[in-house]
Amino acid sequence: MASVRASPRSALLLLLAAAGVAEVTGGLAPGSAGAVCCNHSKDNQMCRDVCEQIFSSKSESRLKHLLQRAPDYCPETMVEIWSCMNSSLPGVFKKSDGWVGLGCCELAIGLECRQACKQASSKNDISKVCRKEYENALFSCISRNEMGSVCCSYAGHHTNCREFCQAIFRTDSSPGPSQIKAVENYCASISPQLIHCVNNYTQSYPMRNPTDSLYCCDRAEDHACQNACKRILMSKKTEMEIVDGLIEGCKTQPLPQDPLWQCFLESSQSVHPGVTVHPPPSTGLDGAKLHCCSKANTSTCRELCTKLYSMSWGNTQSWQEFDRICEYNPVEVSMLTCLADVREPCQLGCTNLTYCTNFNNRPTELFRSCTAQSDQGAMSDMKLWEKGSIKMPFISIPVLDIKTCQPEMWKAVACSLQIKPCHSKSRGSIICKSDCVEILKKCGDQNKFPEEHTAESICEFLSPADDLESCIPLDTYLRPSALGNIIEEVTHPCNPNPCPANELCEVNRKGCPSADPCLPYSCVQGCKLGEASDFIVRQGTLIQVPSSAGEVGCYKICSCGQSGLLENCMEMHCIDLQKSCIVGGKRKSHGTSFTIDCNVCSCFAGNLVCSTRLCLSEHSSDDDRRTFTGLPCNCADQFVPVCAQNGRTYPSACIARCVGLQDHQFEFGPCISKNPCNPNLCPKSQRCVPKPQVCLTTFDKFGCSQYECVPRQLTCDQARDPVCDTDHMEHSNLCTLYQRGKSLSYRGPCQPFCRAKEPVCGHNGETYSSVCAAYSDRVAVDYYGPCQAVGVLSEYSAVAECAAVKCPSLSAIGCKPIIPPGACCPLCAGMLRVLFDKEKLDTIAKVTSKKPITVVEILQKVRMHVSVPQCDVFGYLSIESEIVILIIPVDHYPKALQIEACNKEAEKIESLINSDSPTLASHVPLSALIISQVQVSSSLPSSAVVGRPLFHSLLLLLSLGLTVHLLWTRP
């Protein structure tokens, strides 16, 4: 579908027409309030037009829409017109959710300024509270966002063009030449207005004074080059002119090892001479998208993708070829879905749309682009389609008058293409083929269809899928959501993103210290995965990125440093993704998943990785069925726990041996009963502190110590990391606790319902002293009392295994529960059973910390990808050597909507693991997760529910650590 190519004024009029407002040219009565206000914009025709439309509008909804868009055409600097409209239209200038300055508010230094910014709808609203000379960063960010909103709106629904445009305005540094070149290459044919707008911005951007780098000229080895360098820096202004002049004057190309060019590289990021900031490593222009290139099915698209996202932007021809050959090719759905994950990840929830209103109030559905800009794009598309033609990249589809032929269905199509609802499993965003065929048969102008084309053939190309797990049924969006205020039961603190462009939004799961008010999210510093990337990772984390040249299967691991750049990169051995597996005489390519009996398997670089579940088949004899226990190696159902070297308690020695452990690698008794500090292996200057952990890496290579040595300090200056002692007293950190001579009970704030020690059995088969102790280990609780049974592993397992266990009641809302493997009691949750590559984990540990990688590390990383604070992540290593991840509601009485949200989060993460999406795979050690199976607990009607929640939903409050949740007492 083509975008509008018109002047800025005609584009504005099209916007107003699409809003349903007739154009009024000088139609306001002379002397009226509207005429007086609009006369303040007589030198800005675009602003005058929108002003007249505002005062002519009779519809509240249209007025609201126009007011939201007005700042794009009437800059905040036009104080007179804004003051006039404020006084002439009292009550209508309320906070706009779409204000471009909202994402800048965290940059405010003053608290009052920050609060005013978050309540504002325009820059005028903060001018009295926020002083420009003091809040430079805030006002710079707002001005940049205002300019970006105007420029990038010309991209229409062209995702790539809009993305490259937004990258120009995303940071407070001067746009790089490659960024500007990318916009020119990809947007020139789409919107000349956009190019002109961006050029105006980049040319006006305050550049660093070239004379600040004069000292670099002395590093040139050639005297003539030294003189040429000084002359060029004194006379040239732009970066391009300087680079071209130096190449010509010094007769040398820019080489990083050349002292002259090395100095320029350093000084470009350093404010003062001699203060060196090393240039970022070569991670490609966009490491996240480069990861997607290996998913291309054709060599042509793989090469084009690699060329575009590796070390230098492709030329215009490369972009056009990628657009023509790959961007809409159904064969390349894996690569395209991966790229979409990077550009616009699927996120739960959609609200505050003014045109696509049927998409609002859907807190448990996933969308890629629920934004005011996409909402506007859908309205613009509808206006274009009303002209009788839908322009697609390879075909123009003639249609009848869509204002009278199925208008609501066409609106659903336009909104779906822009808002992009996506499946939790496939993450696909295309509409279903049957809907496509139906609407084209009814409303397509079939007499004008291109030769040899029918509704079916057109839809076969545009929407080839009709599987409800791969396509979006339009029927869902032909009516408003059935949910009203109930949507408040599920919140999305980071959607839309409230943080500045260079920071990462994280859900606040720690609560507020001392019951002080605080935000439900936090903004943390991050790094981009390349110059042109908008994929941000947390500062201090390890990241896996493809090699900068884009060789398939070659990766490096980097750390996100304090500078905001990826640094300390370490190459990993390349993986041969061309290697296949032979299974049952059939060849399985890398990444293929399949089942063998009841086990799930995946081929990973020629290695077959399978779960180790014991299976019964239709051919099993009666004797086999009678003796079948469901346990590994068909071990007897006997609970005589042993503690293995990896820190995991196994139900019996038989099961420990079955998972590959030798007799000398485990000892009888649960791990929790062992004292790792006896004997004390720490030096006298350090204190031995128990630190139980379950390790996933090879013990012989990296060990798995169950303690840590902490320095004995006279003063404790560590950051706040609350812990609770055995007397139920809280301390700010471990250092303070031990300094006061206390013993650790559990990590985290003290909780009232853990005052009395009451043992509980965790899903991992470990007995904990309290619920809080289990939760500090990120283990959810199965039942009260010490562990006494092996638990259920399969549908064939005997129910007698858990006969002596008394399970707590399910939640009041009710659900169709699940039973985690090895547990006895059902619960309402989403569950993932994940296979991992142990060799990959060993490699990661070897090239990074040389320390073992633990289950808790995996869970903490996965936790960052759960966006709903009403759900939290727990898990353990099963006795079948799978990582079991549970996404469980945390509220007192979880509602059906909250259970559904946890289910959707689980399905989303399963899809990201199975598709090797960079959304997850970029994060070390999640890149070692190979394949996942999901199981969710669907909600039941309230009439089917009996009992009150006595355990699971209440105890999970600990995951938040919020004082508001401390109301519960045991019955």
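Placed from the backbone N, Cα and C atoms, the Cβ positions cover glycine too.
According to Swiss-Prot, the domain 'Kazal-like 1' annotation covers 627-673.
All protein chains considered, the CB of Asn39 (N-linked glycosylation site) has 15 other CB atoms within 10 Å. The N-linked glycosylation site annotation in Swiss-Prot covers Asn39 (among others).
Residues annotated as N-linked glycosylation site in Swiss-Prot: Asn86 (among others). In the three-state DSSP scheme, Asn86 (N-linked glycosylation site) is classed as helix.
Within 10 Å of the C-beta of Asn200 (N-linked glycosylation site) there are 12 other C-beta atoms, taking all protein chains into account. In the three-state DSSP scheme, Asn200 (N-linked glycosylation site) is classed as helix. If you look up Swiss-Prot, you'll see Asn200 (among others) marked as N-linked glycosylation site, on the strength of sequence analysis.
According to Swiss-Prot, the N-linked glycosylation site annotation covers Asn297 (among others). Cβ-based neighbour count (10 Å, all protein chains) for Asn297 (N-linked glycosylation site) stands at 15. Secondary structure from DSSP puts Asn297 (N-linked glycosylation site) in coil.
Look at Swiss-Prot and you will find Asn352 (among others) tagged as N-linked glycosylation site. Under DSSP, Asn352 (N-linked glycosylation site) is assigned to coil, being neither helix nor strand in the three-state scheme. There are 15 other Cβ atoms within 10 Å of the Cβ belonging to Asn352 (N-linked glycosylation site).
The annotation GPI-anchor amidated serine is assigned in Swiss-Prot to Ser942 on the grounds of sequence analysis.
The repeat 'Knot 1' annotation in Swiss-Prot covers 37-84.
For 104-141, the entry in Swiss-Prot reads repeat 'Knot 2'. Confidence annotation: the repeat 'Knot 2' (104-141) carries a mean pLDDT of 75 in the model.
Look at Swiss-Prot and you will find 151-197 tagged as repeat 'Knot 3'.
Positions annotated as repeat 'Knot 4' by Swiss-Prot: 216-263.
What Swiss-Prot records for 292-338 is repeat 'Knot 5'.
Annotated signal peptide per Swiss-Prot: 1-22, in sequence order, evidence recorded as sequence analysis.
Asn86 (N-linked glycosylation site): 15 other CB atoms within 10 A of its CB, across all protein chains. In space, Asn39 is the closest of the glycosylation sites Asn39, Asn86, Asn297, Asn352 to Asn200 (N-linked glycosylation site), judged by Cα positions. The shortest Cα-Cα distance from Asn352 (N-linked glycosylation site) to any of the glycosylation sites (Asn39, Asn86, Asn297) is found for Asn86.
When the Cα atoms are compared, Asn297 (N-linked glycosylation site) and Asn86 (N-linked glycosylation site) turn out to be 57 Å apart.
Of the recorded residues, Asn39 (N-linked glycosylation site) and Asn86 (N-linked glycosylation site) place their C-alpha atoms 15 Å from one another.
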